[in-house]
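Asker: Features from Swiss-Prot:
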type	residues	note
COMPBIAS	1-16	compositional bias 'Polar residues'
MOD_RES	S9	phosphoserine
MOD_RES	S37	phosphoserine
COMPBIAS	64-78	compositional bias 'Basic and acidic residues'
COMPBIAS	80-89	compositional bias 'Polar residues'
MOD_RES	S85	phosphoserine
MOD_RES	S87	phosphoserine
DOMAIN	269-324	domain 'DEK-C'
DOMAIN	328-469	domain 'Tyrosine-protein phosphatase'
COMPBIAS	547-557	compositional bias 'Low complexity'
Amino acid sequence: MALVTVSRSPPGSGASTPVGPWDQAVQRRSRLQRRQSFAVLRGAVLGLQDGGDNDDAAEASSEPTEKAPSEEELHGDQTDFGQGSQSPQKQEEQRQHLHLMVQLLRPQDDIRLAAQLEAPRPPRLRYLLVVSTREGEGLSQDETVLLGVDFPDSSSPSCTLGLVLPLWSDTQVYLDGDGGFSVTSGGQSRIFKPISIQTMWATLQVLHQACEAALGSGLVPGGSALTWASHYQERLNSEQSCLNEWTAMADLESLRPPSAEPGGSSEQEQMEQAIRAELWKVLDVSDLESVTSKEIRQALELRLGLPLQQYRDFIDNQMLLLVAQRDRASRIFPHLYLGSEWNAANLEELQRNRVTHILNMAREIDNFYPERFTYHNVRLWDEESAQLLPHWKETHRFIEAARAQGTHVLVHCKMGVSRSAATVLAYAMKQYECSLEQALRHVQELRPIARPNPGFLRQLQIYQGILTASRQSHVWEQKVGGVSPEEHPAPEVSTPFPPLPPEPEGGGEEKVVGMEESQAAPKEEPGPRPRINLRGVMRSISLLEPSLELESTSETSDMPEVFSSHESSHEEPLQPFPQLARTKGGQQVDRGPQPALKSRQSVVTLQGSAVVANRTQAFQEQEQGQGQGQGEPCISSTPRFRKVVRQASVHDSGEEGEA
């Protein structure tokens, strides 16, 4: 893709010097002289919304010594071509074609789209222009005219006009199969066949917008609307053979396939399902900028081993759906969109999505609106040998800058499949501390076409190891320093990623809360992947006998029965657990966080509790064996008995002194 800026000026007149003050002449010229920017692709030229008119007028009015405009200024444009798949010769030819087609227009008219069409006779070239006007206060840009342009050959220095079709409110567009579509407006019907699927998709998008605008404005023949189309009607100057092609192709390709029999509906549905499954595979390995719809159908016929002539319109319809999915930016996170070059060139979509930062991961794609958005470029080709890993630290910082401002960022490459998808995966792995498998599953759920090439996948695996090692070192530093890691080890093993999809409805704050909850979730799971720390050990111990723990909590009001049970020796080691959970900030006893105990101290505590419990039980049995008739020993033994019970169960009153 390339960005071309064309200077628009009226044709030079025969007058020598304008009559009147010089500043009035400059102002009149500045109103007419302006620039228009185009995104030039293979087979299509997309007019961009350019805000340079007022700037040009200001510059023109501030330079009274500027020369009068002439037709030569049309060639003094600014061009910025990326090294895409097209050869320099093809790029120069397409650029020259754009200049020649602009010369056919009035100064107040704009090209919204120029799409190259298939030509019946190969030396010739044909373009479809979607043209709107800016003439006068009363006219709006809702008025659109389709123009057909003929070139004798690719190197021709001139072009001619062969078709003029105003778009009225009754305009209808139909798919005719094999990449062709027909436009019916005002009783006239014309057929067009772009040279590639991507060109067809871009053309249909612009046509749909124009048809909706015409319908909303109520443009009907016979009124004052679209009177400027007569200017082009009077200038149809293509050869008669070219004029016949613009009108006769509708009769050649508008034939509809016969309707299916009622009994064959189930078989037809099965065939359509098979076509959908194979179509995705064919498109995945095809270059949408060069492949035609007919070639796609032929590839499907080879895969299925059946003729698909009667499914031409169905194939085109499914292709448009898949291309639309490729063309639409996918919202991966509340603040991050993943898309293609089309999304980067769509100013309306960028503004609607509140995008302020654009991360361009492609070597061949330009920055279309450098004056409107903040850009960061990583100029790499989609090759397995390309090194993305060294750039992921900068891209993460760039994305976080947009999130910190409360705005959104678009990450794009050419198709939003490999380079940009790998960068978004790297961001998710670092930002949300998840594994590569979790990040890939999340991204592909929201954008199924995201498939980094094998080289980028290997770099993502290396990056995953780097992140894991970094988190492990951070945890060990906390352990050496005696600081409780609390929630940090949880995402180290596995951080659930599903809580992220509901977050597009909220902001970044909700995202942080959701991630904290997801990090805390593994703590409640019954010991999957036990860690080498005290929390994991105590969790495993507590899960050995959960029923006994419930019994101990329900019988706290009756202390003597705890030691009268034959399972008291098994229950006592569980008593230190509430204290340890309490010291680690657990949820069993809410008494606030305390300094963490080391593992050696915890083992000593467990042993001491067991000794106290055993001695207490032995003392109780000895007192009970002395007889029922002695009242004073029994009375004196009761307070001591309750005192020892409290020391063993509460564990925070005076256990060290008693031991």
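From the backbone N, Cα and C atoms, a Cβ is placed for every residue, glycine too.
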Asker: Test of understanding: give the count of other CB atoms lying within 10 angstroms of the CB of S37 (phosphoserine).
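Answerer: Its Cβ shell of radius 10 Å holds 20 other Cβ atoms.
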Asker: What are the DSSP helix, strand and coil residue counts for the domain 'Tyrosine-protein phosphatase' (328-469)?
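Answerer: Tallying H, G and I as helix, E and B as strand, the rest coil: 67 helix, 23 strand, 52 coil.
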Asker: Could you tell me the mean pLDDT the prediction assigns to the domain 'Tyrosine-protein phosphatase' (328-469)?
Answerer: 93
